[in-house]
């Protein structure tokens, strides 16, 4: 299956190649980084609903749960409990910038390997923690692993994949995140009945995907782009032949070499990112991450068991309900894998905005009407909430979830790719931290109004996607500037006439990369 480059003059030269078994293996192993991240998202929300965990580390929260007339919206409002979840993301924020430099200097593969080592260390500390300090330090190590993995894996997948199916292969990262969340929810449901150390089993199993990535990464290739960028030119050509399954890779090889030559002129990529012509992909990368978090998805996925307890489900039923939402998450992400390279990125994002807006408003309306400070929802209303949460998760899972990672990973030119994507990762981690740290307190104060807060953000997201987000379907990663940014009605103003003249000069020297 050839990867297609759409040229400026309307011609469609093709990079030769097919989907090889080597690419498939590399994608599956690299996507284990998503499995690590997803499992942690699922497990952190699950263990915070387990009484044994709360009694061990957050005794005041456990006592509050035992009150006869507990406040439905405030029973989990505890800064230390929120810090347990959110500390990982502040560590990931900082780690993403270090990971960016490592990606450029040493490659995507070693960065993923280091991520797995951080994660293994964090799993060991959280599993055997005897106090809150040990627990938080373990979470910080997990955060470093998440920061390194989230920096390296999407870049690895985008650079490895042929342009025609880049979206589907890149979304495997998000698919593995959703699988990780589902597995964590199932594990939480099963071990929640094992007292008093069931939560330690949940935390310890997080080491499995880390070990898969650690040892599996020994068998995968580095990306040709990374090899050529680091002057390993012949090795890069050899790897390109292996992953494309053909000997004639001259066209794609020359395109990568040219992109690397341009990138080598940039000694300060972060400084380059601040230039006017770098703003379009930088703004899109950051805004996509901010919007991804302000859909409200992590508030729901982190605290799904807590949320379902709030609306009247018992502890076991709450965990089981989160398993259902996790299954919906996985199945819906496969919809994105199938459709993203057919219908495009923008269509999925816009459809999902309508779907998520409706569901957030229904959830907020039901809770505002029938869930008072004490008491529970009627069974019918509680089921409506569960169904609407599933519909919301489905919309997110085939749109803003995977595309929030895909679009930033494919829109930067090579010279600012790792630096730019580090801003995307750090923005994601920053706002994930904000949501995780603030959600339970905000739920306590806004009550059902929190769902209308997220609904308002979804309206803003939809308008942004409609007017300012360009379509990147089928465009090779090294053609984004000319085929996407310079053609967009708004973003083209960031490119001046001198750059157009320079581009024409380059085309005369390298006509095959136009």
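Note: Cβ is positioned from N, Cα and C throughout, glycine not excepted.
All annotation found in TrEMBL is predicted automatically rather than curated by experts.
According to TrEMBL, the feature transmembrane segment maps to residues 318-340, out of the candidate ranges 318-340, 479-501. Of the candidate ranges 111-130, 231-250, TrEMBL annotates residues 111-130 with the feature transmembrane segment. The range from 62-80, 81-99 that TrEMBL describes as transmembrane segment is residues 81-99. It is 446-469 that, among the stretches 21-39, 136-157, 318-340, 446-469, forms the most Cβ pairs under 8 Å with the transmembrane segment (347-367). For the transmembrane segment (419-440), the partner stretch with the most Cβ pairs below 8 Å, chosen from 81-99, 111-130, 136-157, 169-191, 318-340, is 81-99. Long-range contacts of the transmembrane segment (197-221) within its own chain (CB-CB distance under 8 A, at least 6 residues past either end) are made by residues 22, 25-26, 29-30, 32-33, 35-36, 39-40, 43, 46-47, 50, 52-53, 56, 109, 112-113, 115-117, 119-120, 123-124, 126-128, 142, 145, 149, 160, 180, 183-184, 187-188, 191, 239, 242-243.
Counting residues 6+ beyond its ends, the transmembrane segment (21-39) has Cβ neighbours under 8 Å at 112, 115-116, 119, 145-146, 149-150, 152-153, 156-157, 160-161, 169, 172-184, 205-206, 209-210, 212-213, 216-217, 219-221, 242-243, 245 in the same chain.
Counting residues 6+ beyond its ends, the transmembrane segment (169-191) has Cβ neighbours under 8 Å at 23, 27-28, 30-43, 46-47, 49-50, 153-154, 157-158, 160-161, 198-199, 201-202, 205-206, 209, 301, 304-305, 316, 319-320, 322-323, 325-327, 329-330, 332-334, 336-337, 340, 397, 401-403, 405-406, 409-410 in the same chain. Here the transmembrane segment (111-130) has Cβ contacts under 8 Å with residues 30, 33, 36, 57, 95, 99, 102-103, 137-149, 151-153, 156, 200, 203-204, 206-207, 210-211, 213-214, 217-218 of the same chain, all six or more residues outside its ends.
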